[in-house]
Amino acid sequence: MLGRAGDEDEDDIFLEEDLPEEFKKTQVGAMALLQLVSLVLIVGALVYTLAIPALKHKDLWKLKLWKWEVMVLVLICGRLVSGWMIRLVVFFIERNFLLRKRVLYFVYGLRKAVQNCLWLGLVLIAWHALFDKKVERETNSDRLRYVTKVLVCFLVGTLLWLIKTLIIKVLAWSFHVSTYFERIQKSLFNQYVIETLSGPPVIEIWRRQEEEEEIACDLQTLQKAEVTVRPDLRAAAFPTESGMVVGSGGGLQRSPREKNTKLSPGLSGNSEGGITMEHLQKMNPKNVSAWNMKRLINVVRHGFHSTLDEQIQDSSQEDESATMITSENEAKAAARKIFRNVAKPNSKFIYLEDLKRFMKDHEALNTMSLFEGVDECKNIISKSCLENWLVNAFRGRRALALTLNDTRTAVDKLHHVVNVIVGIIILIIWLLILGIATSKFLFFLYSLLVLVAFIFRYTCKTIFEGIVFLFVMRPYDVGDRCEIDGVQMVVEEINILTTVFLRYDNQKIIYPNSTLATKAVGIQYRLHNQD
């Protein structure tokens, strides 16, 4: 924020930011309410049964009545109880700062699978402890063993699915942080610079207000001392009741202390999805939480196509869509508006002192370092330099949004492939647990897998090489200019198996990633180094 920093703990800057609002609210659905009512009724019936000797020793199908009640209780209400256990674990995790930052995101993402595992575990324990041996002895049947085996199958399948989901989430988060965090941070800082320089000089207004408040305080002190104050000085010193001050554009602007420096999330205009610049600057790949990384990605993915989240406050009060930067020409027009807003009248350059009217000193220095062709000795920015920078920022933001979309699509496809593989593994384990998979069946299954691998060996090899090329090597991103086989092309789209290039004559060329992995790819221009 632009105001004074608070006395909060520097190490706990993400206390409220790591947990979205939807997870802070306790929602009780119809099913949970039904389970809660069933829990009360069944527990009441169980207590009543155990309290009366006649019912306590009463048998139902040669088994104690209260055991049936316990089994029904676990079946119907076990998932509700397991949910309470997860909430208890989450409560203790939220009390620990490091666990909240690193673990809580995955706990919330896996809470349904963990809840099902606990529920099935409770059912299996109850069945094995209360009924398994006794039912088998009373009925003289081995078929009921399959009930236990089926429960074990469900539990093992849920555990494997839980492990798969956890691994996918951890790998996806690590990949996004290591590959895109710095680019996203730089792109959002560019966005902040555009928003800030497009508005009124809030720092200058804030300092002016402080001076006015000091003068007003001095005048009040003089009045209390019964010193005569001229009426014109009194009128100039005391602000109006509206709480508004005059901005640089001649219109009324709110006090900068009330200014929200959150980066807008996109078209919706909902500031809850935004993030403050002070918060963003304190982030780094080591301390950024999974929640915040997801929020940063969403700001870039959903905010780019509508605007660069620049909101040029034109004095003509044009429609908001007219100020959105959707092309390079609009970026140049926005740069000219910003130059007129920041530079002094009749000045051909923007100086460091001009930037300090809009932002803090360290932010002004960081902003000055963004521009190419800046005279570091004099700290000046020309209009052409500003236009080139804003055009590059627009290109970089657009390319970054497309890259994140392509990566999301690739991760989803990879997730589907892993789902199929894990599903086959779970099926084989189920067959082994149930005893259906005999040695002949396993030999047949092995032969079938060898046959499929032989038929689709090239496809499997292509998929594996494409995954390695996309997530491990990744020599380029969307918007980069490359040279392949002596032909210069621009990367337009990156998929899990192929990459789409745009040649100089606007012809699209598709290369398999497995082929690109064996070719020499020359990178002539990296877009994210220019934004």
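Every residue gets a Cβ built from N, Cα and C, even glycine.
What TrEMBL lists as transmembrane segment is 28-51, 72-93, 113-131, 151-175, 414-434. Feature annotation from TrEMBL assigns region 'Disordered' to 245-273. Positions annotated as domain 'Mechanosensitive ion channel MscS' by TrEMBL: 463-521.
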Residues outside the transmembrane segment (113-131) whose C-beta sits under 8 Å from one of its C-beta atoms, at least 6 past its ends, are 63, 67, 70-71, 74-75, 78-79, 81-83, 85-86, 107, 147-148, 151-152, 154-155, 158-159, 161-162, 165
Under a Cβ pair cut-off of under 8 Å, which of the recorded stretches 28-51, 72-93, 414-434 contacts the transmembrane segment (151-175) most often?
414-434
What counts of helix, strand and coil residues does DSSP assign across the domain 'Mechanosensitive ion channel MscS' (463-521)?
15 helix, 24 strand, 20 coil
Per-residue pLDDT averaged over the domain 'Mechanosensitive ion channel MscS' (463-521) comes to what?
87
